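Below is one structure, written out as structure tokens; the observations come after it.
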Amino acid sequence: MSPNLSFIAAPMVNQSDFPFRRLTARYGATTVYTQMLSPELLIHDQEYLEFHRRDLQSINEKPVSTVVQLCGNNAEEIIEAGRKIQDLCDAIDLNLGCPQEVARDGHFGAYLLGQKDWPLVENIGELFTSRYNNNRIELVFAVSCMAQSFKVPVSTKLRLCQPSSKTVELAERLEASGSSWITLHARTVSSRRRRQGAADLSEIKTLKQSETLTIPVVSNGNVRVFDDLAQNLEYTGADGLMVGETLLGNPCIFSNNILPDPVEISLEYLNICRLYPGVATLKTIQTHIRHFIDFQCARRPWSRKLRAALNACTDLDDIEHLLRVKIQRWRGMTINSSTETDSEDEQDFDNGVGNIEDAISWHLSGMDQ
């Protein structure tokens, strides 16, 4: 499947699990990325490999492209790792945008954007395209691959070079090396404050207007609400949009301007986790639920209790009970009489977590925000 780059769910550390990717696809994402995967672990850690292959083998209910993102600076290692998963994805992305300290220490991600590393990056791209698109390499594919060569497109996700004027030059060289599209997060690397300031969308506009760049450009950054989607595309002229952090709180942003009820969207995500056990860890699930609730309810008087309550959950049933009973009660919502309660819930309610003042505060706010 040739990826539709219109609306892309970004790669996010420990948050781009299959249930979340499927949820975003239900609500308009046309392409979804996995989290950044380690080539070294894919090669040498069988449990890690099996976990991510199981994640990739899950099937979306609607056509949507899946892109696996790899990191690293060793071309041979990246190729070997790519062989182990390329049969289960629609493209492979090379991460040139990670600003975290682990990327700095390992010299990958955005720390490969310095000009001294450009030849290395180009070599990785050339190896990707020459080896994955060469039918003669068919015999060296792993057993899990089908008995044919897969022509999996390669893409690159990067940040601004320093100086930023060099970004267009690097993008042109990446295209020449075989990148099928480029996603630009228009911020420079900063491991201490990686969200410092707004993304400079004018840099994406400049990249898109390059007379020598012919591959699609995807814009990444500054999408907070539904209206930002059209405004971003109109201003930058980009071929598509990638959204990350905002999706964690509102996985429906691609489809409409109405925020989903935080408990309902949490339960929907939880149901997908039940359908596909073993592809998201309990910690990942707990973090998603916290994002869904906090996105609209972070200022509620009871929000401080949410993290502790989630951390106390030991399985999906505990999380569902928390959502259906405690959180709804804290919000001042009516609880279904058939919903099981327990003494702890009653104690929380009696201690003021779900008291009438909280209910009035929630009501006057119009909706959780």
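For all residues, glycine too, the Cβ spot is worked out from N, Cα and C.
Copied from TrEMBL, the annotated features are:
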DOMAIN    9-317  domain 'DUS-like FMN-binding'
BINDING   Pro11, Met12, Val13, Gln69, Lys157, His185  FMN binding site
ACT_SITE  Cys98  active site, proton donor
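Each of the binding-site residues Met12, Val13 was scored by the number of other CB atoms within 10 A of its CB, and the lowest score belongs to Val13. A simple way to gauge crowding: the CB of His185 (FMN binding site) has 25 other CB atoms within 10 angstroms, across all the protein chains here. Proximity of Pro11 (FMN binding site) to non-local residues of its own chain (separation of 6 or more, Cβ distance below 8 Å) is seen for Tyr33, Thr34, Gln35, Met36, Val67, Gln69, Asp93, Asn95, Lys157, Gly244, given in sequence order. Of all the binding-site residues listed here (Gln69, Lys157), it is Gln69 whose C-beta has the fewest other C-beta atoms within 10 angstroms.
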